[in-house]
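What follows is a set of notes on a single structure, which appears directly below.
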Amino acid sequence: MLLQSCWTLTGQEWLCTEPQCLPLVRAGTARGPSYGIVLDAGSSHTAMFVYKWPADKENDTGVVSEHSMCDVEGPGISSYSLNPPAAGTSLEHCLNQALRDVPKEKHAGTPLYLGATAGMRLLNIADPHVSDAVLRAVAATLKMYPFDFRGAKILSGEEEGLFGWVTANYLLENFIKRGWLGEWIQPQKKTLGAMDFGGASTQITFETRDMIEDPRNKMMLKLYGQAYQVYTHSFLCYGRDQVLKRLLSKLLQAESYQATVSHPCWPVGYNKSLLLSSVYDSPCTEKERPSLAFNTTVTLVGTGIGKLCALHVSKLFDFTNCSFSHCSFDGVFQPKVSGNFIAFSAFFYTVDFIQTVMGRPVHLPSDLKDAAETVCATSWNELLQKAPKLEKRLPDYCAVSTFVYLLTTKGYSFNNHSFPNIAFQKKAGETSIGWALGYMLNLTNMIPAEKPSFHKSMLYNCWVILILLFVVTTLTSLVTAICLFRYSKSSII
Ligand SMILES: O=P(O)(O)OP(=O)(O)OP(=O)(O)OC[C@H]1O[C@@H](n2cnc3c(O)ncnc32)[C@H](O)[C@@H]1O
Ligand SMILES: [Ca+2]
């Protein structure tokens, strides 16, 4: 069992005390693969993943793959605070697809989980009763399906970071591999750090040998008999959508809430009017809420000035206070980044836009900085010409690219040497990188703490067969040789 007795973050043994911590339910005696379903209820949207693996190989690494996925129509479940039952209804289309994707005879043996992330963490801060109502509504819908529903819960930021790390390293077979005799091989590869940039929070997770000065960031794991010390931190309000909201709040504040405000991160030629209430409806901006009427409208006018944009975006971080030997930002301890990293979700979307739409490579931090400035200096019409299909997201690539540059360099301290070790990627093979797979692997006990013993016996059996074969071959050769020798002797006489 992953994390077993090693989970030190909350000071309590984890998951095994929860009802979800059950051994994997196998699909009766039915042949063929096993399935598992995870609904990733993110702040911006919900995605359903159907996973599949050979039924007799649960404890192997890298054998679980994504069978299918489904994007839920509409916003994330936390957006249904005024109508919680609609959060449940919104999932039906994807769940109906799951009924078709998983063979009927496997439905009852297919575990089904829903994990909600930063959007629900924020709703829980704003109004815990409403967040409970939303969770109850989605659970009620999930229970109506014939799958083995194992619970709907809000993940902590640390769980979210850790399971993203588990997913990436599991898929890349960095924990353990099977040799040709069925023996376990500890690959000499180092684990891969994981960086997730969601809509409402961002996570960084990596293995380190350095001392982790803040116990809240320290995870001790034992997987397949190997111990790992992992650093993780989740920054709430540092997801893409909340960053954009916080940036608006800073700009409005800087221009004293005038009716018309310049937006240096929006392209020239792009203007938009907003209700003040849409900026201050989140716990991330609540403290900056002005005493003005909530239904006041402000007009923001894009000016596309990259350097000024960077100045405002840098105000979103606190780089000054630190009570540890080193901090990333906001007084959060972070050891030096080490090894290779995979950066997914909006890290990938942002860098992919720079590379494919803007046609600029991103190898060094300076490439990202220059590219962000170029995006900022590109007018609205030019942007629309380059990527008409991305119209909804185009105004924000300047701010988000600038944020990713500042977060990775000034925040996480990637430099010319370490930045090229980041792979901006959303998939490993055909499977999406995110916390969902790691979450399911954990809850179904598919990553054991110890090396599974049946493989040892498999190895043992292989050796016994080989030795027997050797003995039989040697004896046969010996007998044949003696017979030949006798025969030749008798024929001479
Ligand atoms: O983890 P949390 O914070 O709960 O949020 P989420 O799970 O909903 O967040 P996603 O990774 O799905 O998306 C991160 C952000 O990227 C945005 N996004 C999603 N698809 C995108 C695309 O194709 N191009 C650009 N941005 C995208 C999305 O609106 C979010 O603001
Ligand atoms: Ca997410």
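First residue shown is number 1, and so on along the chain.
Backbone N, Cα and C atoms are what each Cβ position is placed from, and that goes for glycine too.
The active site, proton acceptor feature in TrEMBL is assigned to Glu160. Per TrEMBL, the feature ATP binding site maps to Gly199, Ala200, Ser201, Thr202, Gln203. Residues or ranges marked as transmembrane segment in TrEMBL: 463-485.
For the binding-site residues Ser201, Thr202, Gln203, the greatest number of Cβ atoms within 10 Å around a candidate Cβ is found at Thr202. The two recorded residues Ser201 (ATP binding site) and Glu160 (active site, proton acceptor) have their Cα atoms spaced 10 Å from each other.
Apart from Gly199, Ala200, Ser201, Thr202, Gln203, the residues listed for ATP, the same chain places the Cβ atoms of Ser43, Thr117, Ala118, Gly157, Glu160, Asp196, Phe197, Gly198, Ser234, Phe235, Leu236, Tyr238, Gly239, Arg240, Gln242 within 8 Å of the centroid of those Cβ atoms. All protein chains considered, the CB of Ala200 (ATP binding site) has 29 other CB atoms within 10 Å. Taking a Cβ cut-off of under 6 Å from any atom of ligand 1, the recorded positions Glu160, Gly199, Ala200, Ser201, Gln203 reduce to Gly199, Ala200, Ser201.
In the structure as shown, the Cβ atom of Gly199 (ATP binding site) sits within 10 Å of 23 other Cβ atoms. Every protein chain considered, the tally of other Cβ atoms within 10 Å of the Cβ of the residue listed as 'active site, proton acceptor' stands at 30. When the C-alpha distances from Glu160 (active site, proton acceptor) to the binding-site residues Gly199, Ala200, Thr202 are tabulated, the minimum falls on Thr202.
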